Each structure stands twice: as C-alpha cells, then as structure tokens.
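See below for the structure under consideration.
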Amino acid sequence: MYAHVALNAYLPDNPEAILTYAVPPQLRPLSVGALVWVPLGPRRVQGVVLEFSTQRPQGFVVRDILEHADPEAIAAPAQLALAQWFSQTQAVRLWDAVQLTMPPGVKQEIERTWRPTEHGQKIELGVLDERERAILFHLRRVGEQSERQLRVDLRGSDADLRRSYTELHERGLIALGSLVSRPAAKPKREWSVQPTSTTPAEALAELSKAPRLAAIYQAILEQALDGEMVLLPELRDVGASLSHLRSLALRNLIQLEQVEVRRDPLLGRIPALEFPPELTLEQERGWRQIVEAQDLASRTGKAKPILLHGVTGSGKTELYLRAIGRALRNGGQALVLVPEIALTTQLVRRFAARFPEQLAVLHSELSVGERYDEWRRLRRGAAQVAIGSRSAIWSPLGKLQLIIVDEEHEHSFKHEATPYYNARDLAVKLAELAGAVLILGSATPSLESAYAVQINKYAVLELHERVGRKTVAGVTKADPIPMPPVQIVDMRSELKAGVRSMFSRPLQSAIQRTLEKREQTILFLNRRGIASFVMCRDCGTTIQCPRCAVALAVHGTEGEPNAPPTLRCHYCGHVDWVPRNCPSCFSTRIRDFGVGTQRVVEEVKLLYPEARVMRWDRDVTGRKGSHEALLNQFTQHEADILVGTQMVAKGFDLPLVTLVGVITADTALNLPDFRSGERTFQLLAQVAGRAGRRAGGGQVIIQSYNPEHYAIQAAAQHDYRQFYREEIAFRRTAHYPPFSRLIRFMTQSPSSKTVERVVREFDTQLREELERRRIRDWAIIGPSPAFLQKVRDLYRWHILVRLPDPTDLLHGLKIPAGWTIDVDPVSLL
C-alpha cells in the first residue's frame, strides 16, 4: 500500500510538496489524516497522509514512511478536506493548511545545529574576528546548539551569523549536525496511588516506627474512601514525595503507578445543571425551523445555512443550546465558534451548565497542554461539543452535525496572519463537506450574510423581541422587554453651549441618576490609552513612532497614578517619555489631543468621586484569566462604571447595566475603509444592546460630531433594515463586496524605494495575467502605500484586486517571495 503525503518542505518542482511513500507492515492500518515522519533526501520531515493508492509509482525509488509523529494526531476527514479546499482556493501552501488540522503542540522541525570540532576546541581564539570568536567561544561552553537558539543567545542577524558559520565550517572549526525539536505538548502523567487489601490497622502497626510514612498513609486512606486513585500532588500538603510513596509500595501497602492526567480548563468552574426555560412564540417558530433543517440534513446531507437574526437579548443562545442537544441525541457532535476569548467565558458557563461532561474548550488563552488534551478528547469522542475562537474550526469532529457561529459579523473571526482565513467563511464550506447544519447568529449581520438571504442562498430566522423572565405563582415564564431608547447628542451643539468636557450634559445627568439608583453604567470608547496623539501647538509636529508611521499614544502607568505618562506605539511596542519640548521647533507648547480609556477613567473619577470605576481594554487584560476576572467583578457589582473599548460591545449579558454611553461614535467612520459605515453601525448597535436587559429597562446615549450619518441614525433606532438599504446601495454602486470579491496582495521592505519598485513590477504581472486569462469584470486598486505605511521599520505597499472569483486569478499564479495574500480582507488598514 502506498500513501500520498503532504510534506513540511519546500520543493521547487513540486509546489504542493506531495510525495508518495510505501506504508510498511508495522504501521498498518494507517489512517488518512495521520501525522507521520518520512525521509526526504538525507533528512526526515513531518507530513500528513492525504490518501492511499495500491499502484506502485513508476520511475523512482519509493521509500517507506518512518513512523507516527503522534499516534493520536489524526485529522478528521471533513477538516482535512476543508484544509485541501482552503489551500487550492486561496493560494495557501498545502502544508500550512493541513497542519492546522493537527493537535496543538505536536509540530516538530529538524533544526540545523553546530558544535565545535576537536580542532575548534584547541585553536587560539585571538586569530578569529569578533563574531567568529563569539560563536566559537559560546559553542565551546554549551556544546551543540541549534541555529535558532544561537541566534537568540548571540543576538545577531541571520545573514551575518550564516557567513560566520560558513567560514568556521570551511576552516574545520565547527561541524554541522541536526536535531528534532521537542513537541510543545504531550500527555501529562502523574503518579497515582491506591491502598492495597492490607487492613489499615495492620498497615499503621507496621508503620509505627515511621511516623512520616504513617501520616502519608493515613492521608491516602482518607482521600481514597470510594476506591478512587489519589494523585501525588494531592498529597503535597502532608509532605509526601515520590520516595515516600515508593517506600509504602515496597511494603505492599499501596499500588503505585503513573497515569495520564487531563489538564482541564474548566476544573472547579462547572456551574449547577441548568434546565431549558420556556420558549417564546417567536423562539418556538424559530425552533421548528431549526428542527426541519436538522431533519433535512440527516436525510440528504444538505441544508441551507440559517442566518439567525435576533435583536440583542432575544434568546438566540437558548436556540443554540436546544439545537446542540438535539444533535447530541442523534449521535452527532457540535461546533460553536465565538469571536473573542472574553465572550467565550460567559458562553462556556451556559454551555457547561447544559452539557457538563460533553464540552471541550479551545482558545488561545489556554495553555498548549490544555488545548492538546481538549483536542484529543474530541478526537476520541470523549467530548461531543467544541466551543472556541476561530482556530476551533479545525477541531477533529468526526461526527459533526451542527456548526454555530455566534456574532457572525465579528471581524475577529479573521486570522490576520499567514495563512489568512475567515473562520465564518470556512464554516460554510465545512458544513457542506460534513453534511451539517450551519447557524450564523447576530443582531447585526454582516452585509455578506444578509445579502445571501436576499438572493435565497441562506435561510433566515428572525427574533424581533427581547426576552425577559418573570415568576408568577412559582412558575417562570418568558416576558418581552422593549429595546432601550437611544438619544443622540450633537457634540457640536455642546461645544457651542460652552461644554468642554468629554461628557455631554445629558450623559452627565444620566450617569448621576444611574449611580443614585445603584445601577451600572458602561462607557464605550473605541480607543485605548490616555490620548490619541501628542502635538506641538506652534508648528503642528506630532510625536511619531521611530519604527512605524503612526503617532504614539499617551499611556499612564498602571497602579501608579503619580508616575509620569509615557508614549507607546500600539503596533511595535516602542515606549518613550513625553517630551517637554517639541523636537522640531523646541516650543514648550506641546500637549495631547483626543481621548483614551485612561483619560475617561480620570474624568469619571473627577466628576463622580464616589463611583467605583473599572477599565476594560487590551492594556489590562494581558494575563491569563483576566477577561473572566473582570467580567466576574463587574457582574457581581464590584464596580459602578465600566470604561472600555470594543471588548464591552461583545454579547455579554450584564443584568445591572441600565445606561450605556458612547463617548464618540465617529471614530471608525473616518477610516479609509469601505466597511467603516458597517463597522460603526455594528459597534453602536451591539454596545447599545448591553443596556436594559432586564425588566427595569435602560437608556443609551450616543455622542457624535456627525449625528446625521445613516449608520448612527439606524443604530439609534435599532433598525437594521434601514442600515442595510443604505449600505447595500453604496456597495452595489461601488462594486464592493458582496457584489465582488477582493484579494489584497501586500509586501514590505526596509527600503521605501525597493518596495515601490517591487510592487510596481508585480502590478504589471497581475494586469498581464488578468488579461491573458480573460477574467471578466476585474479592477485593480493601487498599487499604493498601506494605510499604515511603515511598521517595525518596514515600508508596506499593497495592491487590491477586485473580481468575481479569486480562484480564477490565484490558481497557478506565480507569486514572488515576500508577498502575503489575503482573500476577502475584512480590513484595508
């Protein structure tokens, strides 16, 4: 038997890097999707088995597959097919696509190493130049080391170090070798103990002269009352060590063995079991539609994607839960995709309350070991529901019957690094490959999804009413709640009236009333830091990052209110002090302009000194568990006012929030991106949806310098249809998605002249290729510098190609090195 294997290798004459290998008897049966080691020339590389053949290839020697890289690393068939489709349609290297289907942490590389030779150990270092001397001295001290680690330890550039390696190697001072990098994850094992049949009295008598062992044995008895195993870490409190346990085992008082232990991300956090609430009439109609789709998919393997368009608080999650329960009762598995780690936390609680033993959680805030264990639970079928952020789309669900994409409009479903992919769009294809039902949920659907409904490509399920709960005579029933009223404040009028505060008079009054009622307020700002930028009022100079073409933002020091502020770049992390004088004209009239979350917090504390204020942005959520901790604190009313950026616009259920204030609604409208209106509407509508989710009602105040804009007006009226009519007309006129597809080609270089020359050459190649292939209705926008022209000392240029189908251009296109390709970009900045 022969296997076609996709390799982690670059082969100039074989772009897909697929080679055929024989399957030796000791590896049979081998599964499609297995991760294996194979020989490639004098080295070995990892590969994924794509398919089998019984015909021996002719014309070359067929070598054997060497071994499994990890016995459990086997991609599910639908996910492997998805990876191959993704590679073919979006010009992604095949290995880069298929490796996404593997468990976290199992990827291994063969690394080049260097070690000193006998001659190198003896030579006088003074005869070498400075860099060669540093390399050889370091290798004498550490022995053999990989090039990657040498680069870290010696802090040199790749090119300079390679020249020195070559020179030292040619002189016989260092020798080349290789090693296999260690996998980042593997099963965790712990020592476990169980008491033997020896009676406790006999055992304690035998240990009468060993009081420490007697205490440890007594602790084992107390913890193993139901015959359960006791793990060594659970005995640390009584001073137990492995040597103590071995002493007890030698006396035949306990059985000692190593067992695999699951790293459980939900350990100690499973809530009480939840029972399904009564559905509203609207929910009942929607539920019947979902059941019909599930029945159709089980009979035919096909069903239209369902856009679940429900206002905020309309009970979409309950329909998700019921659909999952039905899929599980039918012997299937379910996948739930959420856009943010922060949103995962609250949803996980609800899902864990309904499916406590069947849930696997997958997101980047977990350790690689936790994600590895959760992946394997899904692959074994020990868990039937996967919930996670965008990378969970590749989970090994072999019996997938249902996919849910919650908040499907969110741009964070896009993986903004190579390989670029949108998990929502991949979910559409995965549902087709697996014969699963797909539910796309949102209060503010993307234009693409809403248009798919308009042209009958998707089905739609609408929920127009918010759902509350009230108990009458001990019975809990659904109770409709109105959407909160929204007031738009024209900040131009406030300025004319002499108001210089960032808070308008209506917002100040509303905050005061909310505090008096002991309710909670959210203040939303789409920005972090203290200010937008620092500028000289005499010459107009703004303080720029030396490595990026962006203004530095002012930041205070967390926990140190009296510390001087600093300037920070949000792209490369550069930090500097706020200058006393302008670096251009030396004027002292230099000040900060704009507003950020830290400044809002300061202003709130000045106006409302009695209020407890909490801030939620990426600057305060860097540590593991920080999102969950902040959410818990605010939900438990440990703060009265929450100041935040886009995090607070997510789909959280915060029962005490009755006021939402938007500091400035215009931030996204001023960006050079055709999606700026859509993004503004979605953010405003979503953050407004955090207010008044209980019977007491709520209020939303939106401050704007452009209150007439249709996105702001539609959000204030909770009117998606109004927004859609305006936005879809603009997109149709400008031929933007969903009436076309976009490909963004981007390259960068330390030299501005080099990058411009390279991009213009590639632009000519693209135009010639589009003409040669006779692709219809295409247009090229650019080439031009990117909105952020320089990031981390690299100048960035891009080309946008607009056409009906990206595959028409990308299939077989020769793309020079150094270019990235983003199909259907969600941002052009």
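The count begins at 1 with the first shown residue.
Here the Cβ of each residue, glycine as well, is placed from N, Cα and C on the backbone.
Database features, via TrEMBL:
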DOMAIN    297-463  domain 'Helicase ATP-binding'
BINDING   CYS536, CYS539, CYS582, CYS585  Zn(2+) 1 binding site
BINDING   CYS545, CYS548, CYS569, CYS572  Zn(2+) 2 binding site
Based on DSSP, name the secondary structure state of CYS536 (Zn(2+) 1 binding site): helix, strand or coil.
strand
Nearest of the binding-site residues (CYS536, CYS539, CYS585) to CYS569 (Zn(2+) 2 binding site), judged by Cα-Cα distance
CYS536
Let me make sure I understand the structure: which of the binding-site residues listed (CYS539, CYS545, CYS569) has the fewest other Cβ atoms within 10 A of its Cβ?
CYS539
Measuring CB to CB from CYS572 (Zn(2+) 2 binding site), give everything in the same chain under 8 Å that is also at least six residues away in sequence.
CYS545, ARG547, CYS548, VAL791, ARG792
For the Zn(2+) 2 site built from CYS545, CYS548, CYS569, CYS572, further residues of that chain with CB within 8 A of the site's CB center
PRO546, ARG547, VAL550, LEU552, HIS570, TYR571, GLY573, HIS574, VAL791, ARG792
Taking the mean position of the Cβ atoms of CYS536, CYS539, CYS582, CYS585 as the Zn(2+) 1 site, which residues outside that list, in the same chain, have a Cβ no more than 8 Å away, listed in sequence order?
ARG537, ASP538, GLY540, THR541, PRO583, SER584, PHE586, SER587, ARG589, ILE590
Spatial neighbours, same chain, of CYS536 (Zn(2+) 1 binding site) - Cβ under 8 Å, 6+ residues apart:
THR542, CYS582, SER584, CYS585, SER587, ARG589, ILE590
Of CYS548, CYS585, the binding-site residues given in the record, which has the fewest other CB atoms within 10 A of its CB?
CYS585
Within 10 A of the CB of CYS582 (Zn(2+) 1 binding site), the number of other CB atoms across every chain shown is 20
